[in-house]
Amino acid sequence: KEDSCQLGYSQGPCLGMFKRYFYNGTSMACETFYYGGCMGNGNNFPSEKECLQTCRTVQACNLPIVRGPCRAGIELWAFDAVKGKCVRFIYGGCNGNGNQFYSQKECKEYCGIPGEADEELLR
């Protein structure tokens, strides 16, 4: 994974208040912070989606499916470890974790059972 994902967030010395996302390796989630607008480091993303797609690891597949307390009603995909497959869920838009994907294909690529796609080609 990108080395910058392992860094903590950095607001930088400037005084802007730009809402950005950084990857928190401990919680395996992308969290918000306010970026000053200059310097900082590479663990700084304009969207939660870009942050997750850059920094998430396969361990995210073992995390619980978290709707979060907000009420945005975004349809996403997550890996259900009990069912062993990717399922749809409604994400509230905040305080989620790395087990959220923007398409079934993306979820399967990260968390799918190895060889599943190959077997479909043989049928």
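Each residue's number is its place along the chain shown, starting with 1.
From the backbone N, Cα and C atoms, a Cβ is placed for every residue, glycine too.
Quick caveat, the model's predicted, so the values are computed rather than measured.
Over in Swiss-Prot, the protein carries these features:
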- 5-55: domain 'BPTI/Kunitz inhibitor 1' (DOMAIN)
- C5-C55: disulfide bond (DISULFID)
- C14-C38: disulfide bond (DISULFID)
- N24: N-linked glycosylation site (CARBOHYD)
- C30-C51: disulfide bond (DISULFID)
- 61-111: domain 'BPTI/Kunitz inhibitor 2' (DOMAIN)
- C61-C111: disulfide bond (DISULFID)
- C70-C94: disulfide bond (DISULFID)
- C86-C107: disulfide bond (DISULFID)
Intrachain C-beta neighbours of the residue listed as 'N-linked glycosylation site', sequence separation six or more, cut-off 8 angstroms: C30, E31
Under 8 Å by Cβ from C94 (disulfide bond), counting only residues of that chain that are 6 or more apart: G68, P69, C70, A72
Densest Cβ neighbourhood among C5, C14, C55 (disulfide-bonded residues), 10 Å radius: C55
Cα-nearest neighbour of C61 (disulfide bond) within the listed disulfide-bonded residues, C5, C14, C38, C51, C86: C86
Among C51, C61, C111, the most crowded of the disulfide-bonded residues [Cβ within 10 Å]: C51
Disulfide-bonded residues near C51 (disulfide bond), in sequence order, restricted to C5, C14, C38, C86, C111 and a 10 Å Cα cut-off: C5
For C61 (disulfide bond), the three-state class that DSSP assigns: helix
Cα separation, C5 (disulfide bond) to C38 (disulfide bond) (Å, whole number): 18
Within 10 angstroms of C111 (disulfide bond), Cα basis - disulfide-bonded residues out of C5, C14, C55, C86: C86
